[in-house]
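Input: a single structure, listed below in structure tokens.
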Amino acid sequence: MSSGYSSAPSVSHTSSEADLNRIESYEDGVDEEASDEQRMCGLSELVTSCLTSSKSSRQKDSFEDDDDVPIEIVGTLKKSKSKKKKQCPPNITIEKKNGNSSPFLKSSQFTDVPPTIRFYTKGTKVTKPARKIQSRLTWCHNSLLPIVMRQTLSASHFTIVDESLFHIGYWGRHLKSAQYKALQPHQKVNHFPGAFHIGRKDRLWMHIRNRLEHFGEEFEIMPFTYILPTDRQELLKYLETDVNRHVIIKPPASARGSGITVTRKPKDFPTTATLVAQHYIERPLTINRAKFDLRLYAYVPTFEPLRVYIYDQGLVRFASVPYNPSVTNISNKYMHLTNYSINKLAEADGIANKPVPKWALHQLWDYFDQMGVNSQKIQKEIEDVIVKAFISCEKPIREHMSRFLEQEFICYELFGIDIILDEDYKPWLLEVNISPSLHSGTSLDVSVKAPLAKDVLNLAGIHVPPSFDKLHTADYSCRPRNGTKTREQLVKEASWVAAYRDQHGAIDNRIFKRLTPEDTRALVEFEDELDRIGDFKLVFPTAQTAHYQKFFAEPIYMNILLQQWQIAQEGDRSIGIDRLEQLCRQKHMQSDQEISF
């Protein structure tokens, strides 16, 4: 397929307040199944008593030794000789599996780092926590909270409560940017401010096109797109050169197939309303003569440093009519569109004589393997597309977050990634949804989405709101990261970013010669996150992704640190984990700032 790619002017990432209000009036790539009367849940403040320290004294464990020699901080990663058992925060007991009951808490790998709540699928018997803890296990009710998520929360003894009551979690429609400022340190929400930069089709294309200008075919990951009405003349010129060319017209912030048409008629191209027109892939790969696309799930816990996970399972969605394109049937949505929300109606409309099929992702890989097609190669290429999409959009999202978010740790996000394969098995990014539907109308949906909901909440690292003594626990997740860095941290970051530029991206293990408290917090958080990975796969950063650093709009210290950490850890993760554990024992993470709430 001819890509139709061409150079483009640079794109500004800056949004005025007026633009922001206009953009946030749209539903940014939401594809949740829900009614028209869905309402935004206003997030209440946490109760003061849950943010104050408990009066209980900290007991000294028998394995502590005041004469312990500190681990060497200078030098590259060195394995600790210490055999000391790590300790949990006081007043938090990590219970072991009790008979047929699964544990409620997941301990950290590191001393004084709080445990996280474990989540399970429906039907799992989970050890009941103490009444004092259970009273804090509350989740904000809203009409977009899917059933599989409710069941997962219920299994771990959460209660769904009204938005006006104390709650520690929220899953629903994206918030307005200003609402993030009211969030409290122990609340968790499933969106980032500024996620519209990847969830809106026009913004997503603008940012990918910007990277395309710098890196050429490396970023030919999305069908060429026109933003209407601005690019209307460019689009008309493209269509005039070949009568067989068509484009797919989409609203920039819709989902579930709403408002999509395949056309080449100028009357369908607006002169006022904002739409996007995407090159139609004329030769898609088909199975049993039907066009199909892939819904994958990507999870991002933070944009600084950027980390991207992809879920092991997903869905393959088929068109309900055999693919046989011609001028006469170009408007047949059941042939050309693969959205399940559209094709599930084909049987009722008399277009199909049986329900539209849907596969689990592993069925597609098995099918390819049986056909002699290298499914592993296709999966790697899909991962490449997804990582590049996030890299294209990370800078404007980070900039937006810096304006509206004081604690990045309170946010996480699950994205729905739609991919189509052409006849050469090349993956193309169609769009990114910031509220992928977890509605489970079939047994196949449940088999994919119920474990997904459980694994997302586990990766999010949700803590019991603390009542223990913060002076003796590394409750680093509750501390603002913006504007509180020490001079030591700022100097180190500036020097390594400068070295990265001077050495054209070359970095080595000297970056670990002195791990600052901020470095240590970031690495501890990352290692514990990997310990809760479930059926997700980390695709960025890995030991093999160093070459992606050049694609970022600007070098970011934490990205560089984490990338080098992954390279250093490739042989034996226990070496780095042991070093971090020794730093935790020395209370290194708390040494750079006052603890106040």
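From the backbone N, Cα and C atoms, a Cβ is placed for every residue, glycine too.
What Swiss-Prot lists as compositional bias 'Polar residues' is 1-18. Sequence annotations record features per position, and here Swiss-Prot assigns region 'Disordered' to 1-39, 80-107. Swiss-Prot lists 26-35 with the feature compositional bias 'Acidic residues'. Annotated domain 'TTL' per Swiss-Prot: 134-472, in sequence order, evidence recorded as sequence analysis. Residues or ranges marked as ATP binding site by Swiss-Prot: K250, R256, G257, Q278, H279, Y280, I281, K291, F292, D293, T338, N339. The annotation protein binding site is assigned in Swiss-Prot to R256 on the grounds of similarity to another entry. Taken from Swiss-Prot, the feature L-glutamate binding site covers R317, Y340, S341, K358, K449, and the record attributes it to similarity to another entry. Under the heading Mg(2+) 1 binding site, Swiss-Prot lists D418, E431, citing similarity to another entry as support. Look at Swiss-Prot and you will find E431, N433 tagged as Mg(2+) 2 binding site, backed by similarity to another entry.
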Inset, instruction - Enter the number of other CB atoms within 10 angstroms of the CB of D418 (Mg(2+) 1 binding site). - result: 21
Legend entry - K449 (L-glutamate binding site) to N433 (Mg(2+) 2 binding site) - Cα separation in whole Å: 16
Inset, instruction - Among the binding-site residues listed here (T338, N433), identify the one with the smallest other-Cβ count within 10 Å. - result: N433
Legend entry - For K449 (L-glutamate binding site), the three-state class that DSSP assigns: helix
Inset, instruction - Pop the Cα-Cα gap between R317 (L-glutamate binding site) and H279 (ATP binding site) into the table, whole Å please. - result: 20
Inset, instruction - Tally every other Cβ atom lying within 10 Å of the Cβ atom of Y340 (L-glutamate binding site). - result: 23
Legend entry - Taken over the domain 'TTL' (134-472), the model's mean pLDDT: 91
Legend entry - Reduced DSSP assignment, I281 (ATP binding site): coil
Inset, instruction - Do me a favour and check the Cα-Cα span between K250 (ATP binding site) and E431 (Mg(2+) 1 binding site); whole Å is fine. - result: 11
Legend entry - From R317, E431, N433, the binding-site residues whose CA lies within 10 Å of that of F292 (ATP binding site): R317
Inset, instruction - For K358 (L-glutamate binding site), just count the other CB atoms lying within 10 A of its CB, please. - result: 20
Inset, instruction - Measure from the Cα of R317 (L-glutamate binding site) to the Cα of every one of the binding-site residues T338, D418, E431, then give the nearest. - result: T338
Inset, instruction - Would you kindly give the Cα-Cα distance separating T338 (ATP binding site) and D418 (Mg(2+) 1 binding site), rounded to the nearest Å? - result: 10
Legend entry - Minimum Cα separation from K358 (L-glutamate binding site), reported as the residue among binding-site residues I281, T338, N433 that achieves it: T338
